[in-house]
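Engineer: Starting off with a structure, shown below.
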Amino acid sequence: MPKRTDLKSILIIGAGPIVIGQACEFDYSGAQACKALREEGYKVILVNSNPATIMTDPEMADVTYIEPIMWQTVEKIIAKERPDAILPTMGGQTALNCALDLARNGVLAKYNVELIGATEDAIDKAEDRGRFKEAMEKIGLSCPKSFVCHTMNEALAAQEQVGFPTLIRPSFTMGGSGGGIAYNKDEFLAICERGFDASPTHELLIEQSVLGWKEYEMEVVRDKNDNCIIICSIENFDPMGVHTGDSITVAPAQTLTDKEYQIMRNASLAVLREIGVDTGGSNVQFAVNPANGEMIVIEMNPRVSRSSALASKATGFPIAKVAAKLAVGFTLDELRNDITGGKTPASFEPSIDYVVTKIPRFAFEKFPAADDRLTTQMKSVGEVMAMGRTIQESFQKALRGLETGLCGFNPRSEDKAEIRRELANPGPERMLFVADAFRAGFTLEEIHEICAIDPWFLAQIEDLMKEEKAVSDGILSDLDFAALRRLKRKGFSDKRLAQLLNVSEKEVREHRYALKLHPVYKRVDTCAAEFATETAYLYSTYEEECESRPSDRKKVMILGGGPNRIGQGIEFDYCCVHAALALRESGFETIMVNCNPETVSTDFDTSDRLYFEPLTLEDVLEIVRTENPWGVIVHYGGQTPLKLANALVENGVNIIGTSADSIDAAEDRERFQKVLNDLGLRQPPNRIAHNEEEALVKAEEIGYPLVVRPSYVLGGRAMQVVHSAEELQKYMREAVQVSEDSPVLLDFFLNNAIEVDVDCVSDGKDVVIGGIMQHVEQAGIHSGDSGCSLPPYSLSEEIQDEIRRQTKAMAYALGVVGLMNVQFAVQDGVVFVLEVNPRASRTVPFVSKATGVPLAKVGARCMAGISLKEQGVEKEVVPDFYAVKEAVFPFIKFPGVDTILGPEMRSTGEVMGVGASFGEAYYKAQLGAGERLNPTGKIFLSVREEDKERVIKTAKNFQVLGYGICATRGTAQYLTEHGLIVQTINKVPEGRPHIGDALKNGEIALVVNTVSSDPQSVSDSHIIRQSALQQRVPQYTTTAGGEAMSEGAKSRDHLGVYSVQELHGRLKNRN
């Protein structure tokens, strides 16, 4: 039956900011859904608070709202736009929960809006643990023994029934938030308390543990005529007990017999029928007992998920696009498969003739206090995917795509006790310890006994270790064509072979080239080569026939950013996608190289050709050899491609845009200093030190406090503010490895300076400022973690003009062609240059959304030789409204990690708020970031000596709004002396009742807590920040943040909603 004609406009709810458990896979699904529905003639209205997404680009939907995703805001949008239906299955758990809130609060009934894609009942049945269990029993499928609980007493009674270890799963959360595995009563009580808080319905499932069972997932699509297809079966390398988002996964499933596969296939179709998903995609998770084959259902997601993004990329079947069309009434047989050029219908089940491996990427180095053991609560921040013709090839390609310094199964330890520990308690590198165990002489049976990973997977790694041993016993010239080809087919990189042979990677590469041994490229075609495909979606392997068939058009190759991590996230993918779109429009053939399955850049129709490959020198050079591009762009994927720039130039690759030499001039301290001196610009006093003694001497020359860091970093890794020689000594000994080649940088720290970010674009002749952003948090907080406002909310016009002048001077001096970002600090009216990055920065998407100028597209065209004049981009656009970007943090996933912000970046994502005043925009950004300010209660202030004066204004603002003020002794005394009425409250060490009690009792509406840097005061006040985090009370660890919130709260009762299209239209008419 064709599409529904009774629906004219559809509202899509996005997933909001990137958090652990919900990353950019929902930008990919949302963008696909927008395209699919507009193709069919529907008016699409979109709401999403995350500006760094492709889906919030003004051309993706008819009307786009970058607004907080909460039912109250969405109700305003519904009242304004009057959609006929809402599609809630494209925005992860955020969108589902928002849709349920709209239904429960009567909004859908009031405006007569229908939920499509999943009914309220189907969402509830799948997400409510108790109802789901009943539904499974009804169709004869077993679930683990479990009980639904709403109180601690019920939970304790349930625990006695299921025994230890016990699994705790909260309802209506994602990424296993709040859940965990308890091995004793203390752990059980702690996890339950956390879980009740995390579940919006205050409900937990207490479940029997099936640790060590094998875990599988099925990606299923079903239409309203009950046509069902399995897109892909996925098998977890890690057994049950590790969240599937933190597990290494393989597709298709490798260790099922055909009979077992058919049983699981039938079960997953039965689950969809019973839950009532009849218009879209779902994923169903199973566990199988390896001892006797018993199969149980773990859970299902009635929506597009992280796994469906993986399944889409693994097979080439666009699940989100198909699901969106099914939601408006199409059936699978009516839709065509794009990859085969329409030769097959969408009801044709994909089959694949290769193996896909996904490995998660973690960021524990950012959270030294966090527990890095993997459990049922998700902790990874990104993932990498690789394809090969064998499991060994795809596994080794995925390892080197992770960008954690691996080039294969690099050794981690020779200590048998440590290896045993790592196998038994899964951590982020367990697969490497499996390899170490084989090297150390463990047998396959022993390893399986300790870690419960399937013997078939273990045998694959064992075989690779035998190969490694044989290679390291020989010399390079022993490897003839046949021997080297055999190793390459098993996925060994040149670099890993070089390590084993004790030679350089270049020598291995030259030896391989001399033997004329190169990979071929195979196409992803959804049908295992049954039909020919025009779609150039390619992966490398060492076989006979190459299917790449390159054209002879003028081509530009764009290197992507690889797996998401803290410091390099979706913002860089956004820039890569824009480069591909712009250059395609300008008549170039575009080639994308990337290995992140969550992103829009790895969608097969974003660029003309997609190579799904690791971003290593070896892999990139082979693609260049095959495609022979006119130019390569390395400036848009963050640090990943920049690291390859010099080596690519050495190998004769034409890098377009800003030259590798200019990038080096900006990143190399001594060269950059010379550029600034020549221009007469100021930097904070700084020095370079190559060892500890030198650092201590030079520190005295500049004076404390200092910012110290290693050279060449992104996301402020291992950066610290130190206040004394003792702290500096500790840093030099514990945090960094210093040498002649990698010195440590010392900068004088500008206290209480205002930090400013500027993005600009240049074609080599003209420079246009994209936007000037004033940071909310003072200098010293990493720019990626700081809120910022465009236009600036308190900088004078003179200072802004001086910043413009300096930015342009540096762009000319460095010969920038494309984008450039500068960070300034302004102290007492003096402008200092902190750093310059002649590349795309993480603020580019935000600036583009705020000003309506697509900077990344403009920059890419400049690189390809199209001038700013020709593009009609000649002057800076300054909005007549305020846009505020705010960072979003993962602290709730890492109990015990302190929330104090500093120079090391720790945010995973961002949101944007738009308003007529700075206050309104800031308040909306806080709502978007998940902060909820209670209308009643007290404001708690506890600040260090130098912040007391600044906090007076904050206290007065909140008092006017009717809040009571309470503070710790010193702060209270100071505020009382300045005419405020303040209640004094005990710090935790001072006896009860103390601030911790007040937070637990719900008396506190907001916390402003700043501390001096000495470890004692940090640890004394740690409990305040932890309690605030657990009680979900908004907290600010800078006075600037607290003050901005006090301004913002004034406008909370009259917040407007503005579409991007109306805002940009206003700016166009004004200019």
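Yeah, the Cβs are placed from backbone N, Cα and C, and that goes for glycine too.
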Engineer: For the ATP 2 site that Swiss-Prot lists with Arg709, Phe748, Leu750, Glu755, Gly780, Ile781, His782, Ser783, Gln823, give the additional residue from the candidates Glu734, Glu797, Glu835.
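Structural biologist: Among Glu734, Glu797, Glu835, only Glu835 appears alongside Arg709, Phe748, Leu750, Glu755, Gly780, Ile781, His782, Ser783, Gln823 as ATP 2-binding in Swiss-Prot.
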Engineer: By CA distance, which of the binding-site residues (Arg129, Val242, Leu750, Gly780, Asn837) lies nearest to Glu299 (Mn(2+) 1 binding site)?
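Structural biologist: Closest by Cα distance to Glu299 (Mn(2+) 1 binding site) among the binding-site residues Arg129, Val242, Leu750, Gly780, Asn837: Arg129.
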Engineer: Pick the one among the binding-site residues Glu215, Glu299, Glu835 whose Cβ has the fewest other Cβ atoms within 10 Å in this structure.
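Structural biologist: Sparsest of the binding-site residues Glu215, Glu299, Glu835 by Cβ contacts within 10 Å: Glu835.
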Engineer: Return the member of Asn301, His782, Gln823, Glu835, Asn837 nearest to Arg129 (ATP 1 binding site) in space, with distance defined Cα to Cα and candidates limited to these binding-site residues.
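Structural biologist: Comparing Cα positions, the candidate nearest Arg129 (ATP 1 binding site) turns out to be Asn301.
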Engineer: Compare the Cα of Gln208 (ATP 1 binding site) against each of the binding-site residues Asn301, Leu750, Gly780, Gln823 and report the nearest.
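Structural biologist: Smallest Cα separation from Gln208 (ATP 1 binding site) among Asn301, Leu750, Gly780, Gln823: Asn301.
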Engineer: Among Arg709, Phe748, Leu750, Glu755, Gly780, Ile781, His782, Ser783, Gln823, Glu835, which the record lists as binding ATP 2, how far apart in Å are the two most distant Cα atoms?
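Structural biologist: The ATP 2-binding residues span at most 18 Å between Cα atoms.
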Engineer: Quiz question: given the binding-site residues Gln208, Gln285, Asn301, Gln823, Asn837, which has the greatest number of C-beta atoms lying within 10 angstroms of its own C-beta?
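Structural biologist: Max Cβ neighbours within 10 Å, all protein chains included: Asn301.
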Engineer: Sort out the sequence-distant neighbours of Leu750 (ATP 2 binding site) for me: same chain, 6+ apart, CB within less than 8 Å of its CB, listed by position.
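Structural biologist: Pro684, Ala779, Gly780, Ala825, Gln827, Phe832 - these are the non-local Cβ neighbours of Leu750 (ATP 2 binding site), listed in sequence order.
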Engineer: When the Cα-Cα distance from Arg709 (ATP 2 binding site) is computed for each of the binding-site residues Val242, Gln285, Asn301, Glu835, Asn837, which gives the smallest value?
Structural biologist: Glu835
Engineer: So of all those binding-site residues, Asn301, His782, Gln823, Glu835, Asn837, which one's Cα sits nearest to Glu215 (ATP 1 binding site)?
Structural biologist: Asn301
Engineer: In the region 'Oligomerization domain' (404-548), how many residues does DSSP assign to helix, to strand and to coil?
Structural biologist: 76 helix, 11 strand, 58 coil
Engineer: Check the Cα distances from Asn301 (Mg(2+) 2 binding site) to each of the binding-site residues Val242, Gln285, Gln823, Asn837 and keep only the ones within 10 Å.
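Structural biologist: So the list reads Gln285.
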Engineer: Write down the Cα-Cα distance for Gln823 (ATP 2 binding site) and Val242 (ATP 1 binding site), rounded and given in Å.
Structural biologist: 41
